Amino acid sequence: MSRTLYDLLGLLAAVLFIMALKGLSSPKSARRGNLLGALGALIATVAVFFYAEPEYSLPLENLEWILGAIAIGVIVAVPAARKVQMTQMPQMVALFNGVGGGAAALVAIVEYIKLGETAGFATVLATVFTVIVGCVSFSGSIVTFLKLQELMTTRPVILPAGRFLIIANLVAVLGVAYWVMDEMGTSPLLVLAGLSLLFGVLFVLPVGGADVPIVISLLNAFTGLTVAASGYVLEATLLIVAGTLVGASGTILTRLMAEAMGRSLFGTLFGAFTQTAQAGGTEAESRPVKSGSPEDVAILLNYARRVVIVPGFGLAVAQAQHTVREMADLLSARGIDVAYGIHPVAGRMPGHMNVLLAEANVPYEQLVEMDEVNPTFPQTDVALVIGANDVVNPAAKTTPGCPIYGMPILEVQQAGNIIFLKRSMRPGFAGIENELLFDPKTTLLFGDAKASLTKVVSALKGL
Amino acid sequence: MSEAMALLAIFTLAVFVGFEVVSKVSSTLHTPLMSGANAIHGIILVGAIIVASHAETSLELGLSVAAIILATINLVGGFVVTDRMLEMFKGKRETNNSGKAGDKKGGAK
């Protein structure tokens, strides 16, 4: 095809990407938006096979390698994306983001090897940027994946002299970047890639588990910018537009997320450097708590007028969405007012809990957002907290310096009774003790959320 | 306008479009939006194909084949996982979202 047609198809793909992002910003058009994005990607990918730059000819060189590599990618990605549990989706997104950053860095490296001495200053600058940020995004995303998958600790990891290490690493990265631009060699570029990978690890390690989603969003924006920069290296307009769109919208999204969680972006990323890690009230563990039987819980619920269910990640892990819905239906049938209080970051990411409950067919009208449900807690007889901890922890309001301080919470402490369904006394994802567990009006029911709820349901039926 | 200036202009305009399109999003949609944006930057696949088709040494070919695999995972996996997330919202929103228009699964092959 002609250059003009190829460029027009690229423009069409870029427009489809803009419409995709626009569509994804509103619930009604979100799914169509995503499909438009996929269509744009399909058009751009097919088009590249039918256009060769003047000094090359069709079909593309190495065609069998290219098609084989795409086939491998599809075979890996599709089953992974289709089978992943909805609870594990955040780490899946982190992983997809990381490999994208890695791909951009590799593309820049190959093009740099090819251009060699002929590369202009701006091209080398863009290459260096792509390699640094792409590698940071790659290794950073892998660390966030490991944290979310709980293959490593979810607490902030503070290395001895961590602050010194990361600054030294940053200086080394910038020094080698200068070396690359000065000497134009492949080996300095590979050293740069290695140092940048290390920087990504050091950058994400000190981030606490609860803040990881913000970091994923930020790294997502980073990857967008690397794609834009590699587009500059390759003089591919579509890559510049698509990458920049993601970079810009990702930056805004990161800020929105940080706001929803009541965190400052700076505090999230550098908090672990500027404050000492919170010990988390270890003295508290030996204090007595009031634990109850499923029957006690059923009685409390049965004689309530209004019940607010606060679902957390524990509910999702136990796959208890359906059981909780059965219980809610039972209570509603007895004339009890039931609502779900959804914290913006319940689960692992903003909006994650809505996805999980929607999967269990919970009626949408019963899902009440935090700002609407909070004023109703004083009139609520029972707040039933299922597998949630950090999002109801009053320490977010009362303990300056604790890792979640400043995060808006669901104010269940104002309800008449509080019931916690927990597996153990283990603190939540952020790793901090919850004072509420020791409150006199709190009843704890230990065990797997699904098993506990099943017992509560049968006890309710017997009443 | 020189080539470099034209690319810079495109970049600058795209920044503003990117800011504009997502300025008002409810927190419910943050996760799918992030995931969708994540899929879009998988378009680096096009760049990976271009460098692979120009590769002359086995080092260049090896690196660019790796880039294609990673980019495909990003692109295809990203759109499929976003579609799955949004499928959950089907018909749950206030009124009229049937969500059935075009049941084609996302993905480029």
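Just so you know, glycine gets a Cβ as well, placed from its N, Cα and C.
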Legend entry - Annotated stretch (transmembrane segment, per TrEMBL) among the listed ranges A:217-237, A:238-258, A:322-342: A:238-258
Inset, instruction - Would you mind telling me which of A:64-81, A:190-207 TrEMBL tags as transmembrane segment? - result: A:64-81
Inset, instruction - Summarise the model confidence on the domain 'NADP transhydrogenase beta-like' (A:9-458) as a single mean pLDDT, whole number. - result: 84
Legend entry - Paired segments the transmembrane segment (A:238-258) and the transmembrane segment (A:64-81) in contact, 3+ CB pairs under 8 A: no
